[in-house]
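**Q** Pasting the feature list from TrEMBL:
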type     : residues : note
TRANSMEM : 52-74    : transmembrane segment
TRANSMEM : 81-99    : transmembrane segment
TRANSMEM : 105-123  : transmembrane segment
TRANSMEM : 135-158  : transmembrane segment
TRANSMEM : 164-190  : transmembrane segment
TRANSMEM : 211-235  : transmembrane segment
TRANSMEM : 255-271  : transmembrane segment
TRANSMEM : 278-297  : transmembrane segment
TRANSMEM : 303-322  : transmembrane segment
TRANSMEM : 334-355  : transmembrane segment
TRANSMEM : 367-387  : transmembrane segment
Amino acid sequence: MNHQKTTSALTRSTLLVAGLFLIAANLRAPFTGVAPVLEMLQSAFELSPAQAGLLTTLPLLAFGVISPFAAMFAREYGLERMLFIAMALVAAGVAMRAGGAMWTLYLGTAIIGIGIALGNVLLPSLVKRDFPSKVPTITAACAIAMGGAGALASASAFPLGSAFGWQAALGAVLILPLAAMAMWITQLGVHSRPAQGTASPPHGGRVWRSALAWQVTLFMGINSLLYYVLIGWLPSILIEAGFSPATAGSLHGEMQLASAVPGLFLGPIVNRMKDQKLIASGMGVLMGIALLGLCYARDWASIWVFCFGFGSGGGVLLALMFMGLRAGNAYQAAALSGMAQCVGYLLAAGGPALAGQLHDLTHNWTMALMIGIALSLAMAIFGLLAGRALTVGNERA
């Protein structure tokens with residue numbers, strides 16, 4: 001009997017972890033495959049640069065608007081159900097986006113953003129609740145899934161678009177949310193609501209008045225802004241520098257793959273560290289060096305793209321860890337996650353458009369990249385502050 005119970009518990013745990021990884025794989029891939037085929041979309045629908053930029057901005061706006069409500073939905077309907085709904089929304093959005101009409105392109109993009117926003121916020125909360133002693137390790141593994149799937153989507157988008165059209169390029173990622181839904185069905189009956197001890201509103205309500213929470217938020221927000229500027233414009237930056245569209249798409253995929261690399265070792269390292277100040281700050285510095293290289297030494301673009309992806313991937317991984325490590329319970333983790341992602345993604349939403357406008361004004365990417373370098377240094381400073389071994393509400397401990 002005990003053996004059967006142990007086997008059953010192990011099976012449930014394995015299915016849970018597999019489901020988490022599949023959900024994580026959906027948190028970038030449906031979004032990152034757009035930039036490599038953006039010129040195809042502009043040609044097919046005669047989109048202006050501003051209209052094309054909206055395909056990058058819409059999901060970020062959805063991330064920012066929906067994130068604060070995700071914890072409330074989880075309390076009402078349960079984490080598992082809301083994560084399933086998130087994947088259903090991503091699947092519906094991907095299918096609609098590939099529908100062939102301009103209105104389905106934009107509406108599908110917005111729906112994808114809503115689904116990813118829910119997943120972004122609730123995944124750290126579930127990790128905090130079900131794996132409280134393994135937050136860095138599980139988060140790192142999820143980051144590998146996220147970055148790996150994003151890299152595959154980016155690298156395959158242009159070849160698929162060239163061979164079968166932009167609809168095939170954007171629709172191919174539908175397999176990811178469908179696989180996640182199929183795996184996650186097994187979790188729907190496990191927890192109808194978050195555990196009783198994790199749903200205390202007073203603790204979560206502190207986050208908006210917490211200096212530490214704002215430091216985590218700005219660390220993540222600046223990282224997100226820089227990352228999504230590169231997600232939206234890296235192929236254009238490289239093509240303008242003389243690279244072919246296919247090579248630019250491959251380097252775009254390399255950046256995604258590099259963002260997964262920190263997940264291979266960062267979890268065990270963080271588990272052994274008293275705090276994360278130096279490593280968080282170092283990610284910002286590395287991103288600044290990479291942007292400096294893209295500005296003045298583009299012949300070595302492969303190195304700079306890898307460094308930027310590594311730094312940004314490490315930064316987002318640390319930010320996700322902070323949502324668990326800087327929170328006292330699962331509810332507070334969801335509240336901190338919602339705050340960080342609301343402010344962070346609203347901040348990031350303006351980045352691609354502003355970078356594009358700077359390019360139009362100056363007719364090159366130098367000014368946008370120099371501003372990015374300054375922001376990387378600001379991110380490094382907030383990393384020093386967010387990486388301290390404190391929790392929200394106990395900043396003076």
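Just so you know, glycine gets a Cβ as well, placed from its N, Cα and C.
I'd like to know what surrounds each of these features in this structure.
**A** Beyond the transmembrane segment (105-123), the same-chain residues lying 6 or more positions past its ends with a Cβ under 8 Å from any Cβ of the stretch are 20, 23-24, 26-27, 30-31, 34, 41, 45, 54-55, 58-67, 70-71, 73-74, 79, 82-83, 85-99, 142, 177, 320, 334, 337-338, 341, 345.
Packing against the transmembrane segment (135-158) from elsewhere in the chain are residues 17, 20-22, 24-37, 123-124, 127-128, 169-170, 172-173, 176, 245-246, 249-250, 252-268, 270-271, 309, 313, 316-317, 320-321, 324-325: each is 6 or more residues past its ends and has a CB under 8 Å from a CB in it.
The list of residues near the transmembrane segment (164-190) in space but at least 6 beyond its ends in sequence, with Cβ under 8 angstroms from a Cβ of it, reads 12, 15-16, 18-19, 22-23, 25-26, 29-30, 33-34, 36-37, 40-41, 44, 80-81, 83-84, 87-88, 90-91, 94-95, 97-100, 115, 149, 153, 156-158.
Same-chain residues lying 6+ beyond the ends of the transmembrane segment (255-271) with a Cβ under 8 Å from its Cβ atoms: 28, 32, 136-148, 150-155, 230, 234, 279, 305-310, 312-314, 316-318, 321.
If one looks beyond the transmembrane segment (278-297) by at least 6 residues along the same chain, the residues whose Cβ comes under 8 Å of a Cβ in the stretch are 219, 222-223, 226, 237, 266, 269-270, 303-305, 307-308, 310-312, 314-315, 318, 365-366, 369-370, 372-373, 376-384, 386-387.
Residues 123-124, 135-136, 139-140, 142-143, 147, 216, 219-220, 223-224, 226-227, 230, 234, 251-252, 254-263, 266, 270, 276, 279-280, 283-287, 289-291, 293-294, 297, 336, 340, 376, 379, 383, 386-387 of the same chain, all 6+ positions outside the transmembrane segment (303-322), place their C-beta atoms under 8 angstroms from a C-beta of that stretch.
Residues 50, 53, 56-57, 60-61, 63-65, 67-71, 74, 117, 120-122, 124-125, 203-205, 207-208, 213, 216-218, 220-229, 231-233, 319, 322-323, 326-327, 365, 368, 392 of the same chain sit 6 or more residues outside the transmembrane segment (334-355) yet have a Cβ under 8 Å from a Cβ within it.
Cβ atoms under 8 Å from those of the transmembrane segment (367-387) belong to residues 212, 215-216, 218-219, 222-223, 225-226, 229, 233, 275-285, 287-288, 291-292, 294-295, 311, 315, 318-319, 322, 326, 354-355, 358-359, 361 of the same chain, restricted to positions at least 6 beyond its ends.
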